[in-house]
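Before any comments, here is the structure.
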Amino acid sequence: MYHVELFDSEIEAVYQTICRLFIGYRFDNAIKRHQIGYSTLGESSMVGGYTQSAGGFASPAPSQGGEKKGRTRATQIIPCTVSQLMSASQADEAFKVGDVEVAQVTIVGIIRSTDKSMTNIQYKVDDMTGAPMDVKQWVDTEDPSVDSTVLPPGTYVKVSGNLRSFQNHRSVVAFGVRPLEDMNEITSHMLEVVQAHMALGKPQSTSVSGAKGGVSSNITPPSRPVMESTGGSYAGANNMVNNGLSANQNQVLSLIRSCPDPQGISIQDLKQRLSGISLGVIKQAVEFLSNEGHIFSTIDEDHYKSTDNDE
């Protein structure tokens, strides 16, 4: 994997070539699915031997009010390369990839070295786009149930966390480091990085669509609304935009985000609030959101809190 600076037209050509080579499916269908953030694929899908994650990212919403220009910030976890993180512009504690401020990111690479102390585990993760990135994962010494296993060098991992800078040295403070279960995740991450660069690098339309609170963009919207009421109520439903998650995953995530309890919300509480969704589907959504870095367990494996509220 080589780091090169590409113009938008070249990015488009690279993206199309990658889709042809790795998806092994009818090209226009593949492009359409990537344009809507995988939301039509459900939890996951095998297409021609290529495993697509249902996770994705949302294009940043334009500022409300129209006349006053606000700060553009991506509200979802953004797939990136190490090179992008190292070259991102910085103002105080805010980082920008292009013109968009990013808070939480994911990278995929191989662990080159590990170092564990009493309070944290430090990895050097290499994705071959630049020098290995320092990744720090804090260890909860007060909760023995929290897994603090050190992953050995040579392990391919997906890291979810926050980009930080201290004394001009950048690192990722991780809230999730997991080994890859399928090497196709490397290809998936590469596609998501290219798509994120294309989507976030283009100006967003501010025209309002027919749906309440809907905002049109240059990314092809799904043919059906992402949020569907299947029973139960949750906060912020009218403000949710297409973020690449399925309807059930969005409902579960929205409820977890709206919970003010420091211990988070339990799976049983989720089931009571989402009466139209089976317990098995809720557990699958929780597992997926946890693996993708959107949520984390708190006092036990039954209570979860959103990573958006943990900064």
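Going from the start of the chain as shown, residues are counted 1 onward.
Positions of Cβ are set from backbone N, Cα and C atoms, glycine also.
Automatic prediction, not curation, is the source of TrEMBL annotations.
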Worksheet item: Per TrEMBL, which of 132-155, 204-227 is region 'Disordered'?
Response: 204-227
Response to the item:
Averaged over the domain 'Replication protein A C-terminal' (197-302), the pLDDT of the predicted model comes to 67
